[in-house]
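J.: Below are the features I grabbed from TrEMBL:
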TRANSMEM  71-90  transmembrane segment
TRANSMEM  96-118  transmembrane segment
TRANSMEM  138-160  transmembrane segment
TRANSMEM  172-192  transmembrane segment
TRANSMEM  204-225  transmembrane segment
TRANSMEM  270-292  transmembrane segment
TRANSMEM  312-338  transmembrane segment
TRANSMEM  354-376  transmembrane segment
TRANSMEM  397-419  transmembrane segment
TRANSMEM  425-442  transmembrane segment
REGION    459-479  region 'Disordered'
COMPBIAS  459-470  compositional bias 'Acidic residues'
TRANSMEM  542-561  transmembrane segment
TRANSMEM  581-598  transmembrane segment
Amino acid sequence: MKDSLKDLNITDLASVAENDNLVIMCINKQRHSSSPSSTEENESDRFNKRRVKLIAQDFPRKSGEILSGQYGINLLLFGGALMLGVWYHGPSVKEWHLQSFIVTLMIIQLLWMLWYVVRKDRQKNSLPEKDSHAGTRWLRGGLTILALLSLIMDAFRIAVYVGYKECLSPTLVVYPVLHVLHTVSQVYFLWFHIKDVIKTFQTFERFGVIHAVFTNLLLWCYGAMSESRHFLEAHEKRLAALGFINYTGGHDKLHCECTISACSMFSNSLYYLFPFNIEYHIFVSAMLFVMWKNIGRTIEPLHKRVRHRPKFTGLVLGPVLGLVALAASITVLVIYLIQVEESLETHRAAISMFYWHGITMLACMCTAGIIGLVLYRIDNRPLDASKNPSRKLDTELLFGSSLGTWLMSWCSIIAAVAAHNNPRYRWIILAYSLLLILEKYVQNLFIIESLYRQREAIEEAEDEDEEEEAPSGIFSVSSQVPPRSGIVNKGFVNQENVYNSLDRNQMKNGTMVHSIQDQEHHQVPALHVIQSRVGTQDRTRLILRNIAIFLFLCNCSLWLLPAFGCRPQYDNGMEQEIFGFTIWTMVLNFAMPLNLFYRMHCVASLFEVFQHA
């Protein structure tokens with residue numbers, strides 16, 4: 001009976017998945033004790049069991065990511081469908097329907113954040129894992145400033161709604177009040193919990209974090225839609241003033257009098273604060289997405305190294321040129337907003353001025369980026385291939401947000417080549433669009449290569465040099481008179497006697513003296529090589545810092561112009577002639593918010609490049 005059992009297949013219990021208590025059965029091959037390949041079969045069976053166990057442990061995480069991701073995408077699509085209905089101005093879907101949906105999402109996010117914070121406070125004894133790359137302090141500080149400006153916008157919105165309370169839905173008043181509470185709570189959450197790596201209640205927390213991500217994305221889309229509607233109405237007013245169309249008033253025109261004297265000031269100021277609110281929500285969604293990717297992740301141990309603060313000595317050319325570009329952009333913005341409302345000739349002159357200014361800035365930015373890339377090629381430092389969700393997201397956002405500008409630029413190129421009329425800014429638009437595409441290529445490559453370059457090698461070398469120059473502790477290696485053992489006891493009082501005895505022994509042994517002299521002779525050129533290498537690295541770092549601060553200020557300038565109303569793509573008429581008013585408006589409504597986000601994201605990335613250059 002026992003002999004017959006040897007030839008039977010034996011079923012082994014391979015592994016039990018700890019997360020979902022899944023029992024996975026593995027069937028082993030037929031055992032032959034007399035076969036010489038039995039050991040190889042056993043090793044392959046153990047390898048297969050180990051691989052099945054790893055797949056079983058990773059399956060709940062992957063399924064949670066897929067389910068929560070689909071949930072968030074459907075939230076965004078449903079909100080987008082409501083926005084399309086509101087944009088159409090039909091009789092069925094009103095703006096208060098959209099705001100009611102967004103208010104519900106904000107309430108759910110507030111409840112989740114409250115539950116998370118209370119649960120973390122009860123677990124004060126346990127030390128949670130932290131992702132040091134997620135949500136740096138300067139980024140959270142910048143988001144706090146944007147949040148304060150968003151709160152001012154909400155205060156103005158509440159004042160407008162109070163003035164028009166006789167002809168507005170109460171939901172429109174609830175929305176800004178709840179948005180204030182949502183903004184304050186979210187800033188607190190970002191400051192104290194954005195670095196957390198969640199290891200408990202992972203499936204539930206994935207749904208909570210992804211709900212917060214897509215709630216902020218919907219708030220960003222809603223702000224971008226409101227801003228686009230405002231600029232479209234301003235464009236229609238300008239066309240009516242120039243005699244091209246008849247404009248009777250906006251679709252959202254209210255039919256009651258405002259009870260507040262400063263009502264017009266509040267309503268006009270709202271559109272100057274919209275860009276800050278839009279940037280706030282898109283940056284928050286990006287930071288929360290990194291937190292979602294960190295759920296269940298095992299953080300790699302960080303190497304201990306000294307972080308060197310960026311030195312501001314030698315930063316002259318980059319800040320000066322950047323401030324000149326910023327001042328010129330503010331001047332162009334003011335002149336454009338004044339002249340674009342006047343006669344047709346002045347209108348076209350303002351458009352030409354904008355494109356000439358853009359061509360000059362983009363050419364300088366391309367040149368600076370190419371110089372930075374050449375310096376990186378000369379340095380030839382290896383790239384950092386370690387896993388970093390925050391850095392990976394930065395790369396994806398740079399490419400993703402470039403799509404809007406590239407689409408708009410290619411449409412402008414086609415319009416400049418195929419247009420029937422020949423305004424004086426026709427070929428200027430062509431050159432501007434080509435440079436805009438090239439500038440995105442060069443700047444994306446410069447930022448990504450800067451973020452992926454290894455910084456540990458230089459810092460560890462500097463740390464080793466500091467340790468050799470200033471030895472610490474009682475026992476250290478002496479560089480003045482190397483003894484036979486290579487160790488000098490600094491705690492020993494009579495070290496002079498030791499040195500004298502060593503000198504006598506060295507005089508007796510001539511070979512040891514010659515070896516010491518040869519070592520000192522070879523150390524002199526080595527010091528010169530190290531000093532020249534350090535000097536070259538310092539000059540390279542200085543040039544890179546100047547390039548980073550120059551591109552930083554240029555991106556601020558290029559964000560400032562479209563954010564505050566300088567959008568000649570609405571006013572030049574060339575693209576509208578080729579693609580039609582409806583299609584070109586759709587392209588601009590898609591491209592402009594992405595372009596604004598791209599510039600602000602480049603500002604944040606270039607500040608990090610400046611810190612680590």
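For all residues, glycine too, the Cβ spot is worked out from N, Cα and C.
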J.: Let me check one thing: do the transmembrane segment (312-338) and the transmembrane segment (270-292) come into contact, meaning three or more Cβ pairs under 8 Å with sequence separation of at least 6?
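T.: They do not touch: fewer than three Cβ pairs between the two stretches lie under 8 Å.
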J.: Does the transmembrane segment (581-598) come near the transmembrane segment (204-225), with 3+ Cβ pairs under 8 Å (pairs 6 or more apart)?
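T.: Judged by the Cβ rule, the two regions touch, with the required three close pairs present.
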J.: With pairs fewer than 6 apart in sequence excluded, do the transmembrane segment (71-90) and the transmembrane segment (172-192) have three or more C-beta pairs that lie under 8 Å?
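T.: Contact between the transmembrane segment (71-90) and the transmembrane segment (172-192): absent, because fewer than 3 Cβ pairs are under 8 Å.
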J.: Does the transmembrane segment (204-225) come near the transmembrane segment (96-118), with 3+ Cβ pairs under 8 Å (pairs 6 or more apart)?
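T.: Stretch pair touches.
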J.: At a threshold of under 8 Å on Cβ distances, which of 138-160, 397-419, 542-561 pairs most often with the transmembrane segment (354-376)?
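T.: It is 542-561, which has the most Cβ pairs under 8 Å.
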J.: When you scan the chain for residues with a C-beta under 8 Å from the transmembrane segment (397-419), skipping those not six or more beyond its ends, what do you find?
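T.: Contacts with the transmembrane segment (397-419): 286, 426-427, 429-430, 432-434, 436-437, 440, 444, 447-448, 569, 574-575, 577-579, 584, 587-588, 590-595, 597-598, 601-602, 605.
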